[in-house]
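Have a look at the structure below before the remarks.
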Amino acid sequence: MAYRKRGAKRENLPQQNERLQEKEIEKDVDVTMENKNNNRKQQLSDKVLSQKEEIITDAQDDIKIAGEIKKSSKEESKQLLEILKTKEDHQKEIQYEILQKTIPTFESKESILKKLEDIRPEQAKKQMKLFRIFEPKQLPIYRANGEKELRNRWYWKLKKDTLPDGDYDVREYFLNLYDQILIEMPDYLLLKDMAVENKNSRDAGKVVDSETANICDAIFQDEETEGVVRRFIADMRQQVQADRNIVNYPSILHPIDHAFNEYFLNHQLVEPLNNEIIFNYIPERIRNDVNYILNMDMNLPSTARYIRPNLLQDRLNLHDNFESLWDTITTSNYILARSVVPDLKEKELVSTEAQIQKMSQDLQLEALTIQSETQFLAGINSQAANDCFKTLIAAMLSQRTMSLDFVTTNYMSLISGMWLLTVIPNDMFLRESLVACELAIINTIVYPAFGMQRMHYRNGDPQTPFQIAEQQIQNFQVANWLHFTNNNRFRQVVIDGVLNQTLNDNIRNGQVINQLMEALMQLSRQQFPTMPVDYKRSIQRGILLLSNRLGQLVDLTRLVSYNYETLMACVTMNMQHVQTLTTEKLQLTSVTSLCMLIGNTTVIPSPQTLFHYYNVNVNFHSNYNERINDAVAIITAANRLNLYQKKMKSIVEDFLKRLQIFDVPRVPDDQMYRLRDRLRLLPVERRRLDIFNLILMNMEQIERASDKIAQGVIIAYRDMQLERDEMYGYVNIARNLDGYQQINLEELMRTGDYGQITNMLLNNQPVALVGALPFVTDSSVISLIAKLDATVFAQIVKLRKVDTLKPILYKINSDSNDFYLVANYDWIPTSTTKVYKQVPQPFDFRASMHMLTSNLTFTVYSDLLSFVSADTVEPINAVAFDNMRIMNEL
């Protein structure tokens, strides 16, 4: 849009555009705009008014310039005259079209916020089935002559048989099994939830889970099952002891599975929940805050339970030497904090229009001839004020480093920056940005006021410009303010076991603003001896605008401090302060907006917002510690299983992925390995260590139940006769290695020394190679005869390749199509190899029936704050820590 200065000559006044650019850029732009105006002079004079008036257009790209009239009609000319006819309309033009600048606001990263809020206590670990590795399976029985009987026998086999071949790979399989158990390990087991009806029961009894019921059905229907076992199954039912809140359920489990589930039952994480626990769960500062009225539901059932969150502090010290990881954590904390900092809505702020009118009157804008003073009003809007308020508090809560964006020629921004540096500790700003801002304030306002020469600051100087100026300035009030600002640091205080970064008491109660105002008034009274009068007047007017709002600035400082400290009570991780890799940008024009538009309305977080913020922090912190425990356990297990090829980096990557917020591929390798080293130093949590020891003690039993691998192979120079085996018939299987010289297959492959094997075979001594090998079955007699000469011995001696070894199970029994070729027993089948395969554990019903005990019933509550109803006092009555209203200026 356009506005006019009455009585001004169009030819004499320069075009004033691009007010926020540096002077060099401004000159180029002014020349361009003047040329454009000269081309349009004649057209405008014809189409608008005959009087000589200046038309100044705003150069913003995103605003359509109403002053650019393209062959407009007479009605459009009338509308333009109406807009310009009153002073009020004229000021609205200034506010909305010319002097208003859109400040880029923070774009909330919803995906990160959602990831944080989606981290919940592990409800998925509420099991509906018992943990099982084994299941019983029926296998046929073979007679002495190799014919299959009609009878079957039950053996324990793996539910999911995915064992690889090779000793190293098998150990890696056990590591993956351990990892899977850690993921599935339940925090609590309530057998009543998983119990199902026993179909064979006489009195509608229940067994512990559906798999137990299926096993009972299969055994009950098996013709080989004894009558006493059937009667026992018919009597299987739960036993309830209501007075003790206990129930026993019958279960069918392999002894190893029973050991796991018994351990889970005896080491549950649930604890009794009562009102005292809920009371202590609420942060103490929220409980004691008179602005919040909390009421607790006292009707907790006696069966209420909860899982205590794991809130250990600083186990990995990610703030120390993990720049990339720490930056991600602080970024996600910043996004979360911004979502909970209350908004300064337009109704809580002074009307932007009214405030700009008042500022225009204070500045006497009608008489302005200096371009810099028009910038005082640039960028003042409620959106920028709200953005600044949220940025300051969220950055302090998350300890995110801020960088300042400002224009040196905008004195109002620099004066607002003096308030900012007074209130916000220096640590919060990027060092380079802080130095640039301080240097601009010193060279634009402070030194010119006293007639001192410009400060020439050396890059890399350990002192900041304010620290240098403090030593050189003689004026007590200004030096006193500089001293406070230079020493404005967070005080580290441990509250409720959490390291908090607290503000200086003078900032919390707002008294420091009086110190700032004394310094500003001293500066405005100085003569600026080396500067023109207009320069001095501009600075004085800027200071006047800020000093007119002394009361509001005190209130603003108290409001920022109160909101910060109240939300800080909900932070559960230590607030470690380290400069972050990336920074949050803060424009000083938005600080001006906040200073100028803050009203007398108190804005404090709602209790629901506080509870939400607290819950999200607790859930993330607890999940963080649990995932650390998992990673430490996996690293320890990999070392104890001698997984020398295992890449520890992959374990660390899995750990970071499970924390949800990290973009793992972007994390530098050096930080990955440093993280690995820190994880190695931590002790393994007790439950996880016990579970690993259970696996370690039973590895052989688990291997034995697999159909995929054999435990070794016996090779000989002369043929060995096939023997009868009850599970397979006539086969080349050895069930023990008694009498054989044994060599570890993994060691053999690592060393490559086959001389010992060759010598033993040539001396006609069979040798047993012990290790996990693929268990391949072949039942054809024809193929057996064909392979008599293709012995493993030939491969060992000639090819020197043990990894090609695939022992074959030669089946000669009634299942074979060729069985009747050898039924006369005149020909005795032989083989130069024997497969060493351990016998799986037979299924014994009596040994597999276990009674499991758990609570009859309890209810686990994940959100303890749901029992608390909360409200706030009237915001206008809200008081700060000093028992005075937060906002005193009414």
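Placement of Cβ uses the backbone N, Cα and C atoms for every residue, glycine included.
Residues annotated as compositional bias 'Basic and acidic residues' in Swiss-Prot: 19-30. As annotated by Swiss-Prot, region 'Disordered' applies to 1-46. Look at Swiss-Prot and you will find 1-88 tagged as region '5-fold hub', backed by sequence analysis. What Swiss-Prot lists as region 'Hydrophobic' is 404-424, 432-452. Annotation source Swiss-Prot lists site 'Interaction with the intermediate capsid protein VP6' at PHE232, MET236, MET849, MET851.
For the region 'Hydrophobic' (432-452), DSSP puts the residue distribution at 19 helix, 0 strand, 2 coil.
Per-residue pLDDT, averaged along the region 'Hydrophobic' (404-424), amounts to 92 for this model. Secondary structure at MET851 (site 'Interaction with the intermediate capsid protein VP6'), as computed by DSSP, is strand.
The sparsest Cβ neighbourhood within 10 Å, among the listed recorded sites (MET236, MET849, MET851), is found at MET851. For MET236 (site 'Interaction with the intermediate capsid protein VP6') paired with MET851 (site 'Interaction with the intermediate capsid protein VP6'), the C-alpha to C-alpha distance reads 10 Å. Around the Cβ of PHE232 (site 'Interaction with the intermediate capsid protein VP6'), a 10 Å sphere holds 15 further Cβ atoms from the protein chains shown.
Cα of MET851 (site 'Interaction with the intermediate capsid protein VP6') to Cα of PHE232 (site 'Interaction with the intermediate capsid protein VP6'): a distance of 13 Å. Cα of PHE232 (site 'Interaction with the intermediate capsid protein VP6') to Cα of MET849 (site 'Interaction with the intermediate capsid protein VP6'): a span of 10 Å. Helix first, then strand, then coil: DSSP counts for the region 'Hydrophobic' (404-424) stand at 13 helix, 2 strand, 6 coil.
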